[in-house]
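If you check TrEMBL, you get these features:
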BINDING   90, 92, 96, 135  Fe(2+) binding site
BINDING   90, 92, 96, 135  Ni(2+) binding site
């Protein structure tokens, strides 16, 4: 089953944990997300340790390392500082892969026209953000999520805050995505 909720965000500076939908709402389809390199799967988080669907994704995509992070004020050291850091617009030199095991969160990504798209993540959602895409992360008003972080090889935690257009990976990302803008894909 493939279901994800995503939409273009408003420009409000109010609490970033709120949905920030435009009025009227402008939904973004899974196809539109795929066109900017964002991929999504719906899995059964209750069986993540033995889930054959997750194992197939890991094998097919080379995700050889994983860990679990709980983002909650009572469990994550330096909780407030980490949330601020996660919400800074940034990119990575590698794909970012997250699987929500519990709770809820948002990933915000930039589209081809530099508009924010908010992606609502709930239990069972697995998402990949391509290397070089500008993005950020925040919790919902529930202030809690538990996620599996997946990596190809050893984990790399380095984020590069915007502007970071000088990185080769950003230029490769833009060259992959921008031609689609002009071809109507």
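Note that Cβ sites are derived from N, Cα and C of the backbone, with glycine treated the same way.
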**Q.** Check: same-chain CB within 8 A of Fe(2+) site center, minus 90, 92, 96, 135
**A.** 91, 129, 133, 134, 136, 159
Q. How many other Cβ atoms sit within 10 Å of the Cβ of residue 92 (Fe(2+) binding site)?
A. 20
(Q) Are there any residues at least 6 positions away along the chain from residue 135 (Fe(2+) binding site) with a Cβ closer than 8 Å to its Cβ? List them or say none. (A) 89, 90, 91, 96, 107, 108, 109, 110, 129
Q | Residue with minimal Cβ packing [other Cβ atoms within 10 Å] among the binding-site residues 90, 96 | A | 90
